[in-house]
Amino acid sequence: MASKNLFVLFFIFALFAANIAALQCPKNSEVRNSPCPRTCNDPYGQNSCITVIRETCHCKGELVFDSDSICVPISQC
């Protein structure tokens, strides 16, 4: 019984720790599980893919990352 309680406590701690370490994205962006962020140089995200699918920041809507990693409309690139 003690080992079961210990496992439950460890599981709760792991969930809590995962939430603390959550990715913080810049203004006008959000976390997604897509490997291909859109940028001024690659507005469709076809050439900027990372090899591992993981949570990364992506600009919201029709915005793209500029060279300073700020989400801007494509017209401002």
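Glycine is no exception: its Cβ is also placed from the backbone N, Cα and C atoms.
Annotated signal peptide per Swiss-Prot: 1-22, in sequence order.
The disulfide bond annotation in Swiss-Prot covers Cys25-Cys57 (among others). Counting only same-chain residues six or more apart in sequence, the Cβ atoms lying under 8 angstroms from the Cβ of Cys25 (disulfide bond) belong to Val31, Cys57, His58. When secondary structure is read from DSSP and collapsed to three states, Cys25 (disulfide bond) falls in the coil class.
A C-beta separation below 8 Å, combined with a sequence spacing of at least six in one chain, links Cys49 (disulfide bond) to Pro35, Cys36. According to Swiss-Prot, the disulfide bond annotation covers Cys36-Cys49 (among others), on the basis of experimental evidence.
The DSSP secondary structure for Cys40 (disulfide bond) is coil. Annotation source Swiss-Prot lists disulfide bond at Cys40-Cys77 (among others), citing experimental evidence.
For Cys59-Cys71 (among others), the entry in Swiss-Prot reads disulfide bond, with the evidence type experimental evidence. Of all Cβ atoms in the protein chains displayed, 22 besides its own lie within 10 Å of the Cβ of Cys71 (disulfide bond).
Around Cys77 (disulfide bond), the same-chain residues at least 6 positions away in sequence with a Cβ under 8 Å from its Cβ are Cys40, Pro43, Val64, Asp66.
Applying an 8 A CB threshold to same-chain residues 6+ apart, the list for Cys59 (disulfide bond) reads Asn28, Ser29, Pro37, Arg38, Phe65, Cys71.
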